[in-house]
Amino acid sequence: MSSNGSLTKDEVVNIIKDWNFSWSIIFLLITIVLQYGYPSRSMMVYVFKMFILWLLWPASMALSIFSAIYPISLSSQIISGILAAICAVMWLAYFVQSIRLFMRTGSWWSFNPESNCLLNVPIGGTTVVRPLVEDSTSVTAVVNDGHLKMAGMHFGRCDYDRLPMEITVAKPSVLIALKMVKRQSYGTNSGVAIFHRYKAGNYRRPTIIQDEELALLRA
């Protein structure tokens with residue numbers, strides 16, 4: 001460090017070198033999360049992405065509060081206070097909507113910060129819930145050798161002949177029911193089915209009558 005307290009050129013270069021490795025790892029992780037963080041690609045990466053998104057609200061609010069308490073200037077203090085209030089209101093709204101969705105479905109996917117739509121599919125005596133990123137009036141189910149995919153997401157094993165006749169899409173304010181309108185088999189335990197919206201209302205996801213034999217097979 002120079003006599004006047006400023007950093008020398010060599011010290012700045014050394015600091016950049018030290019942080020360059022850390023930032024390269026951080027940006028690599030961000031790239032992986034953004035590119036593969038979709039439920040149709042990798043559920044593990046998607047859950048990690050949701051965890052990061054969930055932490056951004058309190059982190060943003062904490063930074064804004066810190067900037068408001070220790071401001072650079074009066075204008076920055078005012079702006080930081082406004083940003084902290086906006087973060088708090090949006091975070092509170094997120095929790096309100098998530099709790100409403102949880103009360104409707106009983107699924108922890110309700111606290112997914114990326115989407116407030118949940119696809120509920122009754123399979124084998126239970127209900128499999130997945131986040132639905134894109135809202136649509138119809139959903140396509142594809143069964144390939146006894147493995148079910150809907151909206152590009154894996155739902156586990158399901159025989160084509162045992163596809164449900166009705167599925168639901170839950171939102172904080174409404175539950176949308178979709179019924180099977182068309183199906184076509186194309187091989188052994190394989191086929192395609194299309195579900196289309198036919199009613200909606202302010203009610204909970206219907207309970208599933210447990211099929212003990214199928215539940216044991218899926219366990």
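Cβ coordinates come from backbone N, Cα and C, glycine included.
Positions annotated as topological domain 'Virion surface' by Swiss-Prot: 1-18 (among others).
Assigned with DSSP, the residues of the topological domain 'Intravirion' (40-49) fall into helix, strand and coil as follows: 7 helix, 0 strand, 3 coil. For 40-49 (among others), the entry in Swiss-Prot reads topological domain 'Intravirion', with the evidence type sequence analysis.
Per Swiss-Prot, topological domain 'Virion surface' is recorded for 71-78 (among others), and the stated evidence type is sequence analysis.
Under the heading topological domain 'Intravirion', Swiss-Prot lists 100-219 (among others). For the topological domain 'Intravirion' (100-219), the predicted model reports an average pLDDT of 82.
Among the features that Swiss-Prot reports, transmembrane segment is placed at 19-39 (among others).
Per Swiss-Prot, transmembrane segment is recorded for 50-70 (among others).
Cβ atoms under 8 Å from those of the transmembrane segment (79-99) belong to residues 57-58, 60-61, 64-65, 67-68, 71, 110-113, 116, 172 of the same chain, restricted to positions at least 6 beyond its ends. The transmembrane segment feature in Swiss-Prot is assigned to 79-99 (among others); the stated evidence is sequence analysis.
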Tertiary contacts of the transmembrane segment (19-39), as residues 6+ beyond its ends and Cβ separation under 8 Å: 45-46, 48-49, 52, 130-131, 133, 152-153
Within-chain partners of the transmembrane segment (50-70) [C-beta distance under 8 Å, separation at least 6 from its ends]: 33, 76-77, 80-81, 83-84, 87-88, 90-91, 94, 111-114
Cβ contacts under 8 Å made by the topological domain 'Intravirion' (40-49) with residues that lie 6+ beyond its boundaries: 32-34, 114, 151-154
